[in-house]
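Listed features, source TrEMBL:
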- 174-246: domain 'Concentrative nucleoside transporter N-terminal' (DOMAIN)
- 257-355: domain 'Nucleoside transporter/FeoB GTPase Gate' (DOMAIN)
- 359-567: domain 'Concentrative nucleoside transporter C-terminal' (DOMAIN)
- 52-74: transmembrane segment (TRANSMEM)
- 94-115: transmembrane segment (TRANSMEM)
- 136-161: transmembrane segment (TRANSMEM)
- 167-186: transmembrane segment (TRANSMEM)
- 198-217: transmembrane segment (TRANSMEM)
- 252-276: transmembrane segment (TRANSMEM)
- 288-312: transmembrane segment (TRANSMEM)
- 332-353: transmembrane segment (TRANSMEM)
- 360-379: transmembrane segment (TRANSMEM)
- 420-443: transmembrane segment (TRANSMEM)
- 512-537: transmembrane segment (TRANSMEM)
- 549-570: transmembrane segment (TRANSMEM)
Amino acid sequence: MHTMEQSGDFSSNPAMEAAFNLEDAVKATPLKLDNPRLAWWQHKQPSIIKRIMIFAGLNGAVAVFLGFAVKHYLKSTSQENDCKPNCGIRWCDGFGMLLLLLAFIYAGLLYFLVIKPGISEKLKARLRLGGAFLSHFFFQWPVIVLVTIMLLTLFGIFLFFDSRHDTYRLMSLAGVLALLALSFLVSKHPKKVNYRPVLMGLLVQILLGLLCIRWTVGRSIFACLGAKVDSFLQNAAIGAQFVYGDALINRYAVFAFSVLSVIYFFSFCISILYYLGAMQWILLKLGWILQCVLGTTVCESIMAAANIFLGISEAPLLIRPYLKDLTHSELHSIMASGFATVSGTVLAAYISFGASPGHLITASVISAPAVLCVGKIVYPEVEESKTSSDNIQMEKSTDSSLVDAACNGATTGISLVHGIIANLIAFVSFIAFVNGILGWLGMLVGVDAVSLEGIFGLIFRPLAFLMGVSWEDSGYVGEIIGTKTVINEFVAYERLGALIRNQTISPRSVTIATYAICGFANPCSLGISIGVLSALVPDRRTAITSVSMRAMFTGSVACFMTACIAGLLISESPTEEPARLFNVTV
C-alpha cells in the first residue's frame, strides 16, 4: 500500500506537477484579456458605474420632488376655500410649468443620449437623401406657386369670415401690399428677384401671426414667455439696489440706474450661454429652419435668427470668418436683419416704458422671416454664394473659463450702457433745440405749437393709417414712427409709454405701434452697423457702405409689415396689460 507521504509526492507524476506550476504562474502574473470588448469594459467600468450612480441619484431626486409636487397639487385643488387663486394646473407658473419643463428636459436627454447616438451613419445618409428629395420636390417653382395660392386662398376665406364685423382690419392688408410695391419700386435688380424667399417669407409671417397673435393658445404662450422674461430681468433690480441704493432704484427709479442696469445682467447671461455653446446651437437650428423654408443662404438665415437675441454689434461676430466672402446681397440681408429687430439686452428698457413683453418677443420672431422676404426684393442675389451649410462653423468663445465668460459679459455691458445714455442725452437735447427753433419760426408767421413731433405726425400719418390704426390715432402713431425712424426707438418707446399712461390712443393702436417701432432702423444704428462690420472686414468697407441705406430701408419696411400682420389679425382690444419692469422716471 502507498503511504500518505508516497501519495503526496508529485515527483513521480509529471501531469500533476505541471498543473500546480501553472496555478502558481497565474497567481503571479496579471490577467491579460485578448477580447477588446472585455478590455474596454475593464478600463471604462469605474467611470460607467459612477455615471450610472449619478444619473440614478439625480433621477431619484427628481422623482421624489415630483412626488411631493403632485401631493401638494392634489391637496391644494381639494381645498375649495383656497381654490380661486391657487387651483388648476397653471401651465405658466404652477404645477403645469413643472410638467412642461420635465417633459422638455427628458425629451432632450432621450434624443441626445439614446436616439441620436443609435442612428447609424448609413441611416443618417438615407435620411439626408430623403430630406434632399423632399426639399427638391416641394420647393420646385410650380409647387411653391400652387401651395402659395392655396394657403393665401384659405387665409383670405378666414379673413372674410373673421373680419366681417370689423372690416376696418382689412386696411392692414392694403398696408402689406403697399409696402411690397414700395420694395419693388426701390429694388436694386427688380428683374432678378427670386420669388421663393418672398412668397415663403410672406407665408411664414402669416403663419407666425396666426399662431402668436390670433390663436388663443399661442397668444397665451407668448404672453407667458413675456412674463417670464420680465420676471427674469427683474432680478437685476436686486443687484442694482445693492450698488446704487434703494432711493435711486425704487423710490425715484432713475432710468440710467434702475433700467439700464439690467443690461449688465442680461449680457452676463448671454456670455455664459455663448461660452457653453448653447447660443450657437440654438442659432444654428433656427437658421437651418429659415434656410430650408425660405431658400436663403446659411449666413443670411443664421444672422436673421441671431438678431432675435443679439444686437447689431454682437451678431456679426458669430460669422466673422465668412464676412469677407459674402456677396452684396448677403451683406445687405445681414445689415437689414439687425435693423428689423431689437436685442434682448434692451428689452427691459422698452418694458419699463409700458410696452408689452409678449408683443416685443412676437415682433422680433415675426420680423426674422419678414426681413428676408423684403430683403430679397430690395437687393436680389445676382452673385454666387461662397458659403454653405457644409462648410459653415460658428465662432466659438475665446474666454478661458465659465467665470471668465461671465465677467467679460458683465463688463461688455458697460460700453452699451454708456452708449445708450450718451445717445439719449444728445438726441433728446437736439429735439428740444429743434423744437425751440420751429416754435420761434411758427410764431413769426402766426402758427402756434409747431414741433418736430408734429411734422413727423403729418408725414407718417398715412403710413400709420395703412397699418390699421384708426384715423383719430394715426397722427399720434405717426409721430412715434417718425421719432423712431429719424431719432431712435428709445425715444419712441418713451413717447409711446406716455400715450399708454394717459390712455390717449386705443389698445389696438398701442399694439400696432409696438410692432412698428420694434427695430433698430435709425441713423444712429446705421453708423454703429457700418462701424462694426468695417472693423471686422476692412477690405469690404466699400461694399458695406454701398448697401447700408437700402438695408436700413429694408429693416424699417420689415417692421412695418410685421405691424400690418398684427393689425390684420387683432380682432378686438388686446386684454393683456402692459408689463412694467420698474416705475421709471426719465
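Backbone N, Cα and C atoms are what each Cβ position is placed from, and that goes for glycine too.
As the structure is a computational prediction, the values presented were derived from the model and not from experiment.
Distant neighbours of the transmembrane segment (360-379): 179-180, 183-184, 186-189, 193-194, 197-198, 200-202, 204-205, 208-209, 212-213, 222, 225-226, 229, 286, 290, 293-294, 296, 300-301, 304-305, 307-308, 328-329, 332-333, 336-337, 339-342, 347, 350-351, 514-515, 518-519, 547, 550-551, 553-555, 557-559, 561-562, 565-566; these residues of the same chain sit at least 6 beyond its ends, with a Cβ under 8 Å from one of its Cβ atoms. Counted over residue pairs 6 or more apart, the CB atoms of the transmembrane segment (198-217) and the transmembrane segment (136-161) come under 8 Å in at least three pairs, which marks the two as touching. Long-range contacts of the transmembrane segment (332-353) within the same chain: residues 229-230, 233, 236, 255, 258-260, 262-263, 266-267, 270, 296, 299-300, 303-304, 306-312, 314-316, 326, 360-361, 363-364, 367-368, 370-372, 374-376, 378-379, 413, 416, 420, 489-490, 493-494, 496-497, 518-521, 525-526, 529, 533, 544, 547-548, 550-552, 554-556, 558-559, 579-582, 584, each at least 6 residues beyond the stretch ends and with a Cβ under 8 Å from a Cβ of the stretch. Among the recorded stretches 94-115, 252-276, 549-570, the one sharing the largest number of Cβ pairs closer than 8 Å with the transmembrane segment (167-186) is 549-570. With a cut-off of 8 Å between Cβ atoms, the residues of this chain six or more beyond the transmembrane segment (549-570) that come close are 159, 169-173, 175-176, 179-180, 182-183, 186, 188, 205-206, 209-210, 213-214, 332-333, 335-340, 359, 362-363, 366-367, 370-371, 373-375, 378-379, 463, 466-469, 485, 508, 511-513, 515-522, 525-526, 529.
Remark: secondary structure over the domain 'Concentrative nucleoside transporter N-terminal' (174-246) totals 64 helix, 0 strand, 9 coil, with classes taken from DSSP. For the domain 'Nucleoside transporter/FeoB GTPase Gate' (257-355), the mean pLDDT of the prediction comes to 84.
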